[in-house]
Amino acid sequence: MEKARPLWANPLQFVFACISYAVGLGNVWRFPYLCQMYGGGSFLVPYVMMLMVEGMPLLYLELAVGQRMRQGSIGAWRTISPYLGGVGLASVVVSFFLSTYYNIINAWAFWYLFHSFQDPLPWSVCPLNDNHTGYDEECEKASSTQYFWYRKTLNISPSIQDSGHVQWEPALCLILAWLVVYLCILRGTESTGKVVYFTALLPYCVLLIYLVRGLTLHGATNGLAYMFTPKGWFSSPVPCLALQLEQLANPKAWINAATQIFFSLGLGFGSLIAFASYNEPSNDCQKHAIIVSLINSSTSVFASIVTFSIYGFKATFNYESCLNKVILLLTNSFDLEDGFLTASNLEQVKGYLESTFPDKYSEVLPQMKNCSLQSELATAVQGTGLSFIVYTEAIKNMEVSQLWSVLYFFMLLMLGIGSMLGNTAAILTPLTDNKVISSHLPKEAISGLVCLVNCVIGLVFTMEAGNYWFDIFNDYAATLSLLLIVLVETIAVCYVYGLRRFEGDLKAMTGRTLNWYWKAMWAGVSPLLIISLFVFYLSDYILTGTLQYQAWDASQGQLVTKDYPPYALAVIGLLVASSIMCIPLVALGTFIVRCLKRGDTPPVA
């Protein structure tokens with residue numbers, strides 16, 4: 001007798017699982033960057049529009065497919081058509097790649113969390129050199145936070161060719177991260193359903209605490225003003241409305257808004273299909289799709305307010321520190337009275353000193369830094385640079401910095417682990433649905449093997465060149481593949497399975513008639529939008545020419561641009577092809593097998 005499919009204990013568990021999966025690190029470290037790059041508050045216009053025409057419809061589509069077919073991604077698409085099993089397999093391959101590199105972020109978060117209990121924080125000051133006669137040269141040329149990230153955490157090599165060896169401290173953190181994930185997924189929905197209450201809710205508690213703290217920091221308003229004011233408003237005579245319209249006319253703003261919605265919701269990975277397959281057939285997946293997408297987007301805006309309040313504090317602190325150094329330099333060089341030179345009269349006094357003592361001023365001039373609040377605010381950072389450099393730079397200057405550091409990296413862990421639950425579900429659900437595998441191995445063993453294989457491969461990212469490989473996986477393992485996967489999904493539902501047939505299935509399941517809006521989005525608007533994104537990214541890769549990466553130059557204390565070597569380009573090609581080629585190869589294999597079976601069928605007498 002076939003075992004009954006496990007179910008979520010209640011609909012709330014399912015919603016929390018989806019929120020925990022969708023609300024991830026991208027909400028914290030990419031959306032604020034996009035707001036900063038594309039006109040501040042005006043970026044919300046394309047973002048909300050893309051949510052309506054792309055995010056919500058495609059999220060609803062995947063949840064409905066999972067709930068209707070009650071299988072993981074491979075089984076669900078094979079049920080729709082035997083030729084579409086490759087779509088589910090492609091999702092599993094992409095999720096496998098994602099799980100392999102994504103958990104190294106949790107390992108880094110563990111590393112920083114453990115170091116957050118030290119006083120002072122280890123990234124707050126530069127270490128002494130070997131002779132104890134001064135500070136480390138690399139740290140002095142960069143900054144204490146950059147030094148701790150690139151040298152102490154990554155121990156990064158000068159290029160991707162210098163692989164180095166596995167570093168035991170990050171490797172242990174990676175093993176710990178995978179052990180935590182394994183314990184969370186050990187018994188499928190039974191254990192995951194309990195964990196998601198924490199991974200979904202605790203980040204909001206920390207963000208709320210950080211919001212209150214951030215808004216009370218000196219300079220927070222500078223960051224918030226920069227976020228919500230169109231780019232160039234401070235220095236441009238062009239009216240605010242014109243600047244907003246200029247940003248809205250920028251096609252890259254719309255493309256990045258669509259991309260952010262697409263990847264933030266986790267479309268195409270198979271995780272949402274896996275989660276929905278454990279629902280009761282009568283579950284209102286339309287309502288849940290709307291709730292999850294709105295919460296996800298609201299979280300992005302909420303996290304941006306928190307991020308820019310902290311960012312404003314950091315920028316203001318650096319700006320005022322720069323001014324104080326200039327004031328001290330001029331006061332000592334020209335024997336000025338203490339307290340005479342202030343930030344308010346600095347430019348006036350500089351003009352006077354330059355005209356009165358031109359020779360002496362020209363000697364001092366090379367030592368004076370050009371202090372600019374706008375330059376500090378305009379430094380656009382995303383990804384690991386925002387989380388492990390910019391945030392730590394701000395945290396080290398806060399009172400009771402250890403507390404804020406512990407809270408921040410605990411929040412990152414909750415976000416990262418929540419996303420990992422979805423990533424691993426996309427792999428495990430098709431495996432446990434497979435009768436051959438599940439009949440020979442218990443669920444705990446399958447979960448353990450998946451975690452073990454991912455962990456062993458993930459050790460590559462703990463090598464000295466590991467961060468360069470992390471960037472390769474992060475940039476190329478999923479983008480084109482997911483766009484193609486979701487495009488085939490929409491075409492499969494609307495034109496292979498049949499939109500009217502699927503509409504009838506939904507009505508039979510939920511008792512709700514499918515609205516014209518969803519049908520229009522699924523059958524026309526969303527596929528056309530995905531095709532546009534696919535063409536843009538494909539042309540962008542072609543026009544870029546030789547792909548490049550950012551390497552750390554210890555002698556300069558900064559990042560430098562280098563070309564990828566041929567073998568790295570080959571790996572990039574394999575990452576993209578290995579998932580995309582699943583779709584046509586499985587379809588071709590199914591066609592050949594069917595032809596052979598048809599040929600073997602004896603003629604009827």
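Yeah, the Cβs are placed from backbone N, Cα and C, and that goes for glycine too.
Fair warning: this is a prediction, and the values are worked out from it, not measured in the lab.
Over in TrEMBL, the protein carries these features:
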- ALA22, VAL23, ASN27, SER264, ASN296, LEU415, SER419: Na(+) binding site (BINDING)
- 12-31: transmembrane segment (TRANSMEM)
- 43-61: transmembrane segment (TRANSMEM)
- 82-104: transmembrane segment (TRANSMEM)
- 168-186: transmembrane segment (TRANSMEM)
- 195-212: transmembrane segment (TRANSMEM)
- 253-278: transmembrane segment (TRANSMEM)
- 290-311: transmembrane segment (TRANSMEM)
- 406-428: transmembrane segment (TRANSMEM)
- 449-470: transmembrane segment (TRANSMEM)
- 476-499: transmembrane segment (TRANSMEM)
- 520-539: transmembrane segment (TRANSMEM)
- 567-593: transmembrane segment (TRANSMEM)
Shell list (Na(+); ref centroid = CB of ALA22, VAL23, ASN27, SER264, ASN296, LEU415, SER419; cutoff 8 A): ILE19, TYR21, GLY24, LEU25, GLY26, LEU265, GLY266, THR299, SER300, GLY418
Candidates 43-61, 168-186, 406-428, 520-539; stretch with most C-beta pairs under 8 Å toward the transmembrane segment (253-278): 43-61
Range from 82-104, 290-311, 449-470, 520-539, 567-593 with the greatest count of C-beta pairs under 8 A to the transmembrane segment (195-212): 290-311
The transmembrane segment (82-104) and the transmembrane segment (406-428) contact flag, 3+ Cβ pairs under 8 angstroms: yes
Cβ-Cβ under 8 Å with the transmembrane segment (567-593): same-chain residues at least 6 beyond its ends: 82-87, 89-90, 93-94, 97, 160, 468, 472-473, 476-477, 480-481, 484-485, 488, 547
Most Cβ pairs under 8 Å with the transmembrane segment (520-539), selected from 43-61, 168-186, 290-311, 449-470, 476-499: 476-499
Folded-back contacts onto the transmembrane segment (406-428), same chain, C-beta under 8 angstroms, at least six residues removed: 17, 20-25, 27-28, 72-73, 91-92, 95-96, 98-99, 102-103, 105-106, 109-110, 112-113, 116-117, 177, 180-181, 184-185, 188, 192, 195-196, 198-200, 202-203, 206-207, 209-210, 266, 269-275, 387, 391, 395, 446-447, 450-451
Tertiary neighbours of ASN27 (Na(+) binding site) (same chain, Cβ under 8 Å, six or more apart): SER264, ASN296, THR299, SER300, ALA303, LEU415
In contact by Cβ distance (the transmembrane segment (476-499), the transmembrane segment (290-311); 3 or more pairs under 8 Å): no
Chain residues outside the transmembrane segment (43-61) and at least six past its termini with a C-beta under 8 angstroms from it: 34-35, 247-248, 253-254, 257-258, 260-262, 265, 267, 272, 285-286, 289-290, 292-293, 296-297, 301, 486, 489-490, 493, 517-518, 521-522, 525-526, 529-530
ASN296 (Na(+) binding site), number of other Cβ atoms within 10 Å: 24
Same-chain residues at least 6 beyond the ends of the transmembrane segment (168-186) whose Cβ lies under 8 Å from its Cβ atoms: 103-104, 106-108, 110-111, 114, 153-154, 192, 195, 416-417, 420-421, 424-425, 428, 444, 447-448, 451-452, 454-455, 458-459, 461-462, 466
Residues near VAL23 (Na(+) binding site) in space but at least six apart in sequence (CB under 8 A): ALA200, PRO203, ILE295, ASN296, THR299, LEU415, GLY418
